[in-house]
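J.: Pulled the feature table from TrEMBL, pasting it below:
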- 16-219: domain 'Cytochrome b561' (DOMAIN)
- 21-40: transmembrane segment (TRANSMEM)
- 46-69: transmembrane segment (TRANSMEM)
- 90-108: transmembrane segment (TRANSMEM)
- 120-145: transmembrane segment (TRANSMEM)
- 166-186: transmembrane segment (TRANSMEM)
- 192-212: transmembrane segment (TRANSMEM)
Amino acid sequence: MVHKKEPESEPRLYGFCRTASVVLTHLICFGFTVFISVLSRPGTSWFSWHPFLMTLAFSFFMTEAILLFSPEGSPIKSFSHKTKGGVHRLLQGLCASCAVLGFAAIFYNKHLNGKPHFTSWHGLLGLLTVCVVIAQSLAAMPLSYPSLAKGWSLAKLKRYHAASGLITYLLGSASMLLGLCSVWFAGAVREYAWYLSALCLVLSAFVIMNQVSRSYMAKKRFQS
């Protein structure tokens, strides 16, 4: 009897941990976005829009767009997959829009102040990330209009979209981590707040990576 109960208790424990991690990620992405908003005070300068919009894009919209499909902590778990897909596209569209606007804000701010562009790893990775976000959004169109991808199965398109989406999210997370090393952020927060902010980004990236990889591996096992 003891040996029969142990295998059942482990999945429950793992399921609880996954649910708790997803709920924590929801709180983190919202709290971190609010924190950066208060810190940057959007509207006070052209620069202020950059950290606000970029955080809104990647820490909030993109994170929530992926968590919609979480089997443990989706805010619309009971809705149909089609509805989740529609909300996902809306959030990803908002993410891409905010990313482009945030990029435009910092580009124009540097132009006004006569500063050179893309002289740091944060700037270079940020440029790459914005380009990848735009490409990812365009590449996702065949999922809504399968006729655009003749010869490709919908299942294969979804796998490629999930894999490229994870890469895009990790690029955004890495870009934000480098942003924490900027003179502006390092001078605006205390040391403990810096480490806490970095931890929030790392934890969110880990949860998203775990969700996408588990979903991909489950589909792969199912189809094999």
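Positions of Cβ are set from backbone N, Cα and C atoms, glycine also.
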J.: Determine which residues of the chain contact the transmembrane segment (192-212) at the Cβ level, with the cut-off under 8 Å and only residues 6 or more beyond its ends counted.
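T.: Counting only partners 6 or more residues beyond its ends, the transmembrane segment (192-212) has Cβ contacts under 8 Å with 18, 21-22, 24-25, 28-29, 31-32, 35, 59, 63, 66-67, 69-70, 162-163, 165-166, 169-170, 173, 176-177, 180, 185-186.
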J.: Under 8 Å for C-beta pairs, could you tell me which stretch among 21-40, 90-108, 120-145 has the largest tally with the transmembrane segment (46-69)?
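T.: Going through each listed stretch, the top one turns out to be 90-108.
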J.: Please give the average pLDDT for the domain 'Cytochrome b561' (16-219) in this predicted model.
T.: 93
